[in-house]
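K.L.:
For reference, the structure I am asking about is given below.
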Amino acid sequence: MAGVSACIKYSMFTFNFLFWLCGILILALAIWVRVSNDSQAIFGSEDVGSSSYVAVDILIAVGAIIMILGFLGCCGAIKESRCMLLLFFIGLLLILLLQVATGILGAVFKSKSDRIVNETLYENTKLLSATGESEKQFQEAIIVFQEEFKCCGLVNGAADWGNNFQHYPELCACLDKQRPCQSYNGKQVYKETCISFIKDFLAKNLIIVIGISFGLAVIEILGLVFSMVLYCQIGNK
């Protein structure tokens, strides 16, 4: 009877240890986004709703599942447990199929997702002219974004701020003369609105997510191969 290849066994262990670390990283990052002050300010208002956190909550679940699978894979490899390896294989295969399905749905409903982003941004415009405490947190987050990207307002420029425009002395102040400016209520403000910068920001991050997902899919396929080879070798001992 053939023995278990030490190379396959320890390659499987190393792979799953790295996989487990990836799970910790994803989980930690998602939790940080979920509880950070900036994300609370942007997504935490009642007007925006809790649906904005769905993607973050999914990442928390994915990170936890990857940690569990990494643990199963490590223990299965070291203990040469066919049961653990089979559970690892099934779990990893389900995650891979879910990633493929998500990618297909994302491509099919891309236009719809773009429309949802537009509607959300337009809906959030009214928060800039509101006076409540929860809206104030959102406003402060947008002010930081405006200063970084040298833009003003979300859709209609400085007019989006309504009466709040007078409450923030340096709001939208056009300090970079290389950027287009315009006069509003006796002040020179940035002419460009922030909606295009936000869309570009989301698009760039989406490309990063797609790249990470593709790399993760390759790693997952290797994990499936390693686990099945080791599973068969243990059965043939």
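Glycine too: its Cβ is placed from the backbone N, Cα and C atoms.
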K.L.:
Test of record reading: of ASN37, ASN118, which one does Swiss-Prot tag as N-linked glycosylation site?
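P.N.:
Candidates were ASN37, ASN118; Swiss-Prot attaches N-linked glycosylation site to ASN118.
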K.L.:
Are LYS9 and VAL56, as given in Swiss-Prot, on the same side of the membrane?
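P.N.:
VAL56 and LYS9, as annotated in Swiss-Prot, occupy opposite sides of the membrane (different topological domains).
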K.L.:
Between the transmembrane segment (206-230) and the stretches 10-33, 58-72, 84-109, work out which stretch tops the count of Cβ pairs under 8 Å.
P.N.:
84-109
